[in-house]
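Since the structure comes first, as structure tokens, the remarks are kept for the end.
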Amino acid sequence: MGKPRGRKLEKKIKDQEFHPEQDSEKISENYNYDGHPESDTSNPQMFFGVLDRDELEYFKQTEATLSLDTFETEEEKAQFVTNVIQEAEGKELKLVTSQICSKLMERLILNCNDIQLKKLFQAFNGNFYNISCHKYASHVVETLLVRSASLVEKELITPHFDNMDASVDGSDVFAPMESLFLFMLNEIKPHLKSMINHQYASHVLRLIILILSSKTLPSTTQNNSIVRSKKSKIARKMIDLKDNEDFNKVYQTPESFKSELKMMLNDLYSDLTGHAKPKAEINPTVITKFREFCVDKVASPVIQLIIQVEGIFDRDRSFWRLAFNTNDEKDAKEQSFMEYLLSDPVGSHFLENVISFAKTKYVERLYRVYIKDQIVRLAKRDTTGAFVIQSLLKNMKDKEVKEILDALLPDLSILLNSNMDFGTTIINACIKQNNYKRDEVIGQLMKKYYPDGSSEKNILESCLLLASSTLGNTKDDWPTAEERRRSIFLEELIDFDDKFLEVAIESMLNLPEERLLQMCYHGVFSHVVEHVLQVQRVDIIKRKLLLNILIKDIVKLACNAYGSHIVDKLWDFTAKLTLYKERIAAALVENSEMVKNSVYGRQVWKNWQLEKYIRKRWEWKKIIKESDLETFPNMRVLQPNMQERAAIKRKNDDKAFDSMKKSRK
């Protein structure tokens, strides 16, 4: 058969390439995966009316009052919350869709009691999907769901609540929180597919999956929260809207939640695939559309979470099979999809995460078929493929990890130019593999940061980039995130091998004294100085040289937020150097007024036990000896027992008698 060429070959290659739709949300909302239009049932109703001027002003004032939180007692605050909830009755939907009043609703949910929580939950019945799609109301739903999960666990552990059967006035009877939650799930089930890539509802869906699968419910303000968007986390910090103790926890859930999760994901799979059964032949169009979800910036985190939890009840990993093949053969369309994942920021983040919790045999297949032959090339893609390679180093078996290390080590010094995290990952992989090629790793790192041929080598300059940093600035610039990353990396190098500790100290001693002292006052670089003060790893000569510099500014260091930690560390660092310890103590006592007037200085004064230095010097010296012996146990000189003493005395007496006889002769 002749070799294919020309336009037919070009068309075939083009058909096999993966090109995600730019407007995938629009397409997925209007069409099923089999290409047929779907009924328009997922368009949310998000207008529920507006508050009148007086109501709006009242709720604004109550939001400000709760925000200030100046209540004298908890009872007073609880009564205030009760009054506001009563005033808000019947207006809940108007409140949650208002920018200002939605914050009030979140504060009410965070501060209400269990009965009030159920009442608020019931107020949204029939509209959970609608408000989940709203910019402001979706945040209220997330807060409500977290508190509801806490109450579900509470009722599960303590099944009977005499005071939970009715409301305070006896007008309402509430079902268990579990039933209310399941009722809410039935309401949103028909809309699951449209929620996957909805800008706001996707966050609610992820939280629901986390609750049903008993995973950690994330904080809404932490930077690494997996539910809230970056803008939302920043906004909550700015308006001082804090989580309560129900967040950032794992909750025990009833068996019905696991069953509901299974049913929900099965329904979603059926909806996505045109009612195909698991492991059945899937339409290629369905697979392409699902892969578009995998690289969609909104839908991708939802798909990642689904792939993570499906293993709880589905051994066949149906959703994984929608994204990837499971046979050992290379597939042209899958290869195009993998190349897109490895070169796209969203796609690489998706692949990086699913590698960490997918079945090992599935990850090994992807590595063997598509990644193994291009490890170095992918590692040089700083914002995409590099993160996938790092994830493989953390999660693959020993054999594959060693293969990756063998491929990367010759180019490590080049990779570190643009991706310092690679150094950390390789160090950790080396340690995990019983110090595999440790000497080569050290050699490559030294070549990068402390080259032998350089006359001006200084690991502080090469690793921390001191010359272009905020060190010594008089503008009160905050340390940058890049400086923080570099400092942490240098500390990891110091922990990895004594060579890096030695060159770090050597580099500090080669700096101008003023420059080294500036590091001690820096919010980030001070941690590096503190980290080298490891008494058992630094020889006594280097310790003395460092102490000679630090003692010159010891009083100011003790009164500084960052320098005080260094002074505290000097207590141990001066072990077996009592003279230096006494010089530091004398300098601090001589400037006692300045030290005691500083909150940091007072802590140093306490840690150095300077009151005993002044009043009971002998006891202070005794503490020094005990501390030195604890740091260097081999210093202890064992006292001879009684028999040994007698033997020594007899030996000495015999020597004295022999010498006396000789003198007489």
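These residue numbers are counts, starting from 1, taken along the chain as shown.
Just so it is clear, glycine is given a Cβ too, placed from its N, Cα and C backbone atoms.
Residues or ranges marked as compositional bias 'Basic residues' in Swiss-Prot: 1-11.
Taken from Swiss-Prot, the feature compositional bias 'Basic and acidic residues' covers 12-28.
As annotated by Swiss-Prot, region 'Disordered' applies to 1-42.
What Swiss-Prot lists as repeat 'Pumilio 1' is 87-122.
The DSSP breakdown of the repeat 'Pumilio 2' (123-158), given as helix, strand and coil counts, is 27 helix, 0 strand, 9 coil. Feature annotation from Swiss-Prot assigns repeat 'Pumilio 2' to 123-158.
The repeat 'Pumilio 3' annotation in Swiss-Prot covers 187-228.
Within the chain, the repeat 'Pumilio 4' (285-321) has long-range Cβ neighbours (under 8 A, six or more residues past its boundaries) at 18, 20-21, 24-25, 27-28, 33-35, 195-199, 202, 205-206, 209-210, 213, 215, 226, 258, 261-262, 265, 268-269, 272-274, 276, 278-279, 333, 337, 340-341, 344, 346-347, 349-350, 353-354, 357-359, 362. For 285-321, the entry in Swiss-Prot reads repeat 'Pumilio 4'.
Residues or ranges marked as repeat 'Pumilio 5' by Swiss-Prot: 333-368. Counting same-chain residues at least six beyond the ends of the repeat 'Pumilio 5' (333-368), those with a Cβ under 8 angstroms from any Cβ of the stretch are 16-18, 20, 284, 287-288, 291, 294-297, 300, 303-304, 307-308, 311, 317, 320, 323-326, 378, 381, 383-385, 387-388, 390-392, 394-397, 400.
Listed as Cβ neighbours of the repeat 'Pumilio 6' (370-406) (distance under 8 Å, sequence separation of 6 or more from its ends, same chain) are residues 330, 334-335, 338-339, 341-345, 347-349, 351-353, 355-356, 360, 363-364, 414-415, 418-419, 421-422, 425-426, 428-430, 432-433, 436-437. For 370-406, the entry in Swiss-Prot reads repeat 'Pumilio 6'.
What Swiss-Prot lists as repeat 'Pumilio 7' is 510-547. If you take every residue in the repeat 'Pumilio 7' (510-547) and average the pLDDT, you get 96.
If you look up Swiss-Prot, you'll see 548-586 marked as repeat 'Pumilio 8'. Long-range contacts of the repeat 'Pumilio 8' (548-586) within the same chain, counting only residues at least 6 positions beyond its ends with a Cβ under 8 Å from a Cβ of the stretch, are 509, 513, 516-517, 520-523, 526, 529-530, 533-535, 538, 540, 594-595, 598, 600-601, 603-605, 607-608, 610, 613, 620-621, 624, 627-628, 631-632, 635.
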Inset, instruction - Go ahead and report the DSSP secondary structure tallies for the repeat 'Pumilio 8' (548-586): helix first, then strand, then coil. - result: 31 helix, 0 strand, 8 coil
Inset, instruction - For the repeat 'Pumilio 4' (285-321), give the DSSP counts of helix residues, strand residues and coil residues. - result: 28 helix, 0 strand, 9 coil
